[in-house]
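Following: one structure in structure tokens, then a few remarks.
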Amino acid sequence: MVCLKLPGGSCMAALTVTLTVLSSPLALAGDTQPRFLEQAKCECHFLNGTERVWNLIRYIYNQEEYARYNSDLGEYQAVTELGRPDAEYWNSQKDLLERRRAEVDTYCRYNYGVVESFTVQRRVQPKVTVYPSKTQPLQHHNLLVCSVNGFYPGSIEVRWFRNGQEEKAGVVSTGLIQNGDWTFQTLVMLETVPRSGEVYTCQVEHPSMMSPLTVQWSARSESAQSKMLSGVGGFVLGLLFLGTGLFIYFRNQKGHSGLQPTGLLS
């Protein structure tokens, strides 16, 4: 959680003021007048839930941090000489220090409980696909791509296997990419020379799943692919003939049932 505030002030109030200033006509990109930006960033750090919590408040002037408050130390520290007078003054304000020390509970732990259900506990299972980067004959250098998309949180482990043996050499990754909707994606690629009969497996482990998710890609020769396509084509053609035959049969049956038997006329 990050917010803006000044010593003794409210995070929300300071954030509102900052947004108002930045959205005013004076903050337009075409304005060439010199601007000076004062920031205060509140950071709540958590370890094992709320078992270990510390609060860090950083004071920044024109992108340079000059002072900070660390709840582990319970006092303000000067980062540069510019911040020394401020740190000394704030440390002399006992009521301010007491409020800062209490914020570990009143601000950090409290807000953890508010957002935990849709942040810390949020789980979205990844979607995994495997494909070669280029369509070319076997026994040529290729790049197998394992696309892992739409998962949350960002902690994930992706491994490549060839015929059941893990491949570590030739594995490259794009790293985590944010999708902008609180999910992530990554591409993990394996440089290899596929040979007929080999089976490549991308294995994904993620907190949203109880067990690893595996997706396989099999290397097939051109003749094997041709046979498979021929088989599929023959199967589809057979279905067409079967459908046509059934259609003709049922149409003929309907025609016969519509004929009135002879000898029943009066």
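Positions of Cβ are set from backbone N, Cα and C atoms, glycine also.
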In Swiss-Prot, the member of Lys134, Lys254 to which ubiquitin cross-link is assigned:
Lys254
Scan Cys42, Cys44 and flag the one Swiss-Prot records as disulfide-linked to Cys108.
Cys44
Can you tell me the three-state DSSP label for Cys108 (disulfide bond)?
helix
Report the DSSP secondary-structure composition of the region 'Beta-1' (30-124) as helix, strand and coil residue counts.
36 helix, 32 strand, 27 coil
Rounded distance in angstrom between the Cα atoms of Cys146 (disulfide bond) and Cys44 (disulfide bond):
35
Among all the protein chains here, how many other CB atoms are within 10 A of the CB of Cys202 (disulfide bond)?
23
Write out how many residues of the region 'Beta-2' (125-227) are helix, how many strand and how many coil, based on DSSP.
6 helix, 53 strand, 44 coil
Hey, what's the Cβ neighbour count for Cys44 (disulfide bond) at 10 Å?
21
